[in-house]
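Okay, structure first, notes after.
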Amino acid sequence: MRQTKTGILLANLGTPDAPTPEAVKRYLKQFLSDRRVVDTSRLLWWPLLRGVILPLRSPRVAKLYASVWMEDGSPLMVYSRQQQQALAQRLPDTPVALGMSYGSPSLESAVDELLAEHVDHIVVLPLYPQFSCSTVGAVWDELARILARKRSIPGISFIRDYADNHDYINALANSVRASFAKHGEPDLLLLSYHGIPQRYADEGDDYPQRCRTTTRELASALGMAPEKVMMTFQSRFGREPWLMPYTDETLKMLGEKGVGHIQVMCPGFAADCLETLEEIAEQNREVFLGAGGKKYEYIPALNATPEHIEMMANLVAAYR
């Protein structure tokens, strides 16, 4: 029997190549052109995207990226590369490639990299702990487009999500415990997930249920009372209703109600990025403190910590 050679494809969202309006515009154009992300009629969406959104948002978003940019690139790229390298070191006989849905390195370049290693089985791990059609679904779509152009197709194992994976929950819990030990236990632990339009959930996307699963399992692992843990949704875009409650509005309300100390974690982000380091760690900190809150800490993503890499290794092992 022929022995199978397996490769691993780590997939994430993507990032601009530079914190400049031009690079951000290229990235946003690709990102916001995906029907999995915005499913508005193209006749309505294209003029709005090209004539209004890209010209106005690109310079502003570029400044935000510049505020968190690291010496070796954007935080998401730096931490994603560290994850790839650490997982490859943990699994020395298994090729590990990194691909992004938008920007570089592309998912296609990652697939080609693995095929050049003569793998005949690819384990695809989208680094989105909670499934959503707008994230994991986009990886699935692009992978199908890539393989449709190949004469020979490798075996594919696709990990839908890992919202209640034991190692993932334990890694989150240990990160929370470390933050509590450093800063003191807060009045409230707020778990902020990236939002999606409410309509997507109404049409069958089980993302909110998967977020609730992670929240429930994490609270249980920490032994925290339900009233000490709150789940919210961030980063809404456009005018239609998104999943609620909204993170920024909740933080304002909590500050006004006299809640003094909050710690915030974003369990849906496998690596820190603009949304966590700028929106959550900075903007929403000001919202809470400005509303009367006294103390606010952001708990970093798992990034390339040894516990996170071990979780990834154990997760893909079941599919090899």
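Positions of Cβ are set from backbone N, Cα and C atoms, glycine also.
Small disclaimer: the values here were computed from a predicted structure and weren't measured.
Annotated Fe cation binding site per Swiss-Prot: H194, E275, in sequence order, evidence recorded as sequence analysis. Cβ neighbours of E275 (Fe cation binding site) (same chain, under 8 Å, six or more residues apart in sequence): H194, Q234, S235, C266, F269. Secondary structure at E275 (Fe cation binding site), taken from DSSP and collapsed to helix, strand or coil, is helix.
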